[in-house]
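Step one of this worksheet: look at the structure below.
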Amino acid sequence: MVALLLSWLYIFFISFTGGLFLYEIFKPEKNTTNSPLPPAYLLSLTGLCVLNSLAACLSLFWPLNIGLPIGIGLLAAGYSIYKRKIYLRYLLTGWGKMKAHYFAWLIWGGLLLLYVSYLATTTPVNDDSGIYHTQSIKWIEQYKVIPGLGNLAGRYAFNSSYFLWSALFSFSALVGQPIFALNSYLVLLFGFITLAYLFQNFREKRNNKIGLFLAALFWLNLYFFNVWLSSPTPDIPAAILVAFIFLLLLQTAQPPTNQVNSFYPAALILLLLTCVTVKLSVAPALGFIFYLGYIGSIKINRKWLLFLVASFSWIVLPWLIRNVVLSGYLIFPLPALDLFAFDWEVPRQLVQDEKDMVHSVAILLSPDWKGILDLKFQEWVPIWFQDHSPTEQILLTAALFSPLLMALGLLPGFRRRFSSELLKRHYLLWLINYGCVVYWFWLAPSIRFGSTFLFISAFYPIYLALTTLKASVFTILNRLVLLLFALWWLNNLRDAVYVARHQQTIFRSRLILPAKQPEVTLKKVKLNNTIIWMPAQGFMCWNAPLPCTYALPVNVEMRGKLLTQGFRALRPTNQSHLKNANNK
């Protein structure tokens, strides 16, 4: 836990510094020392985007070993000394806000911190993390990007930029094991922002529908992802970042009222582009850029066009280059984007297999994944729906049929409560989000790929209806939500108490470091006189030495004597990399 807390502090410090550096470049010239500053969480999120792109560029030439986070930390320390007045201003402002609700922060903030800390130090259990997440991160830590790595194992070409973050914040060379702190950091950050909104009603009565919206969204994501919080899965940051994006979009529903707001659309664009590189299922969210143009936050002029081009070049272009090097395709696994003829290109049929398997497993986890794809729409939808829990079925039903409730909002009695322009903005936000839901449903309808989009679609009609409530009602609802959160966290912390009482050795070790990943029994195979490790049972390598693969490479050879030279297929093959894994 100590290592985890230090990792969180490090992530916040360097990401906040990166965000502040970017803000200082783009801030309005008329800002003075008394001008309001953007919130610290927004600077942290923006800084993460900057760090991710920096890591992507560097990974093309060098491994992201321990020297990089140390160097970045030293640069951030130097910049913080140079800008010490701004840091002090943030500290004093933050302390003033916390002091106003000191007792509340002590209770709910403390419970949230304990709850997330406990979950983040448990043994990782996400299957995909065992199959390829952890191994992908190890490759980034130990080697520059490897040509044709997808030929060794197809999923090693799933180039989520989240793996770059994880490699940057791993610190495995210092502590002897990777520390995957980013997921829990983002959850904790979103939880603190949610509490801050809920605490607003303690001293003054106000319509705090955003606080209730965030509380429900926070609970939903923890409901789906709490057992994976210690696993390096990109599903969690994709969901949390989309939640942050929508929070910022709700804040921009009203026209900008101060100079700081001009930084919001720039930060939103960076977050949206970064989200797409983390998880392709988020791609339709780029439609929110159109919303920013509609409300006038960005304009079609030279300044914003240059910013869009620069943002794409800084964030997306290095990610695309990594895709090409890892697989030979501009975006993997999309076989239609076969634009190059490199010798390390993954065979087209294998790319198609990976694409089909993602879609099939999202419908139903079955060894006969190809058989699932043969089902007609009216056949697989009932199977898919019944495979979810009652809570998930309610969410799916509410999300898919939310257009009916939104249509009721056009009735005259409801429309009178909003200005015409504000109502248009809300409906445009909902419509773009619903487009994301439709895209998710057709592409890969697993809830973990679209939990935030689903919730927003389901809850948005209720969010608009909350406008009709009196401020006193919000005070009651806020306190009820806080009570439920406290009871929920206390109930879940019973597991931590049990471990402390009956598994004291494990508990003491987790006070220092998170639990290690599962141990794997390995066997050796040879590829061009190079030892390749494979799991003796199952298909999870976890933290095994490199190179490890979950399936015996078929018709694959090394491109040279060194691993850095990469892998290539001898000839196109119809045998899937996943064949061996499915036979286990």
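Cβ coordinates are placed from backbone N, Cα and C, and glycine is handled just like the others.
Taken from TrEMBL, the feature domain 'DUF8201' applies to 1-455. Within the model, the domain 'DUF8201' (1-455) shows a mean pLDDT value of 91, rounded to a whole number.
Under the heading transmembrane segment, TrEMBL lists 6-26 (among others).
The transmembrane segment annotation in TrEMBL covers 38-56 (among others).
The annotation transmembrane segment is assigned in TrEMBL to 62-82 (among others).
What TrEMBL records for 102-120 (among others) is transmembrane segment.
Residues annotated as transmembrane segment in TrEMBL: 156-175 (among others).
Under 8 Å from some Cβ of the transmembrane segment (182-199) lie the Cβ atoms of residues 4, 7-8, 11-12, 41, 44, 97, 101, 104-105, 108-109, 112-113, 116-117, 119-120, 162, 165-166, 169, 208, 210-211, 214-215, 217-218, 221-222, 225, 228-233, 236-237, 240-241, 243-244, 247, 478, 481-482, all in the same chain and six or more residues away from its ends. The transmembrane segment annotation in TrEMBL covers 182-199 (among others).
The transmembrane segment annotation in TrEMBL covers 211-229 (among others).
For 266-292 (among others), the entry in TrEMBL reads transmembrane segment. Within the chain carrying the transmembrane segment (266-292), a Cβ under 8 angstroms from the stretch's Cβ atoms is held by residues 19, 26, 38, 42, 45-46, 48-50, 52-53, 56, 160-162, 234-235, 237-238, 241-242, 244-245, 248-249, 252, 298, 307-308, 311-312, 315-316, 319, 331, 425, 428-429, 432, 435-436, 439-440, 443-444, 449-450, 453, all 6 or more beyond its ends.
Long-range contacts of the transmembrane segment (304-321) within its own chain (CB-CB distance under 8 A, at least 6 residues past either end) are made by residues 49, 52-53, 56-57, 60, 159, 161, 266, 269-270, 273-274, 276-277, 298, 330-331. Residues or ranges marked as transmembrane segment by TrEMBL: 304-321 (among others).
Annotation source TrEMBL lists transmembrane segment at 394-414 (among others).
Annotation source TrEMBL lists transmembrane segment at 426-443 (among others).
Within the chain, the transmembrane segment (473-490) has long-range Cβ neighbours (under 8 A, six or more residues past its boundaries) at 104, 107-108, 111-112, 114-115, 195, 198, 201, 205-209, 211-212, 215, 219, 466. Sequence annotations record features per position, and here TrEMBL assigns transmembrane segment to 473-490 (among others).
Residues 116, 119-120, 122, 124-126, 129, 183-184, 187, 190-191, 193-194, 197-198, 200-201, 235-236, 239-240, 243, 247, 250, 391, 395, 447-448, 451-452, 455-456, 459, 463, 466, 474, 477-478, 481, 485, 488, 492 of the same chain lie 6+ residues outside the transmembrane segment (211-229) yet bring a C-beta within less than 8 angstroms of a C-beta in it. Of the two recorded stretches, the transmembrane segment (6-26) lies close to the transmembrane segment (62-82), with three or more CB pairs under 8 Å once pairs fewer than 6 apart in sequence are set aside. Pairs of Cβ atoms less than 8 Å apart link the transmembrane segment (38-56) most often to 156-175, out of 62-82, 102-120, 156-175, 394-414. Same-chain residues lying 6+ beyond the ends of the transmembrane segment (394-414) with a Cβ under 8 Å from its Cβ atoms: 220, 385, 388, 423, 427, 430, 434, 437, 441, 447, 453-455, 457-461, 464-465.
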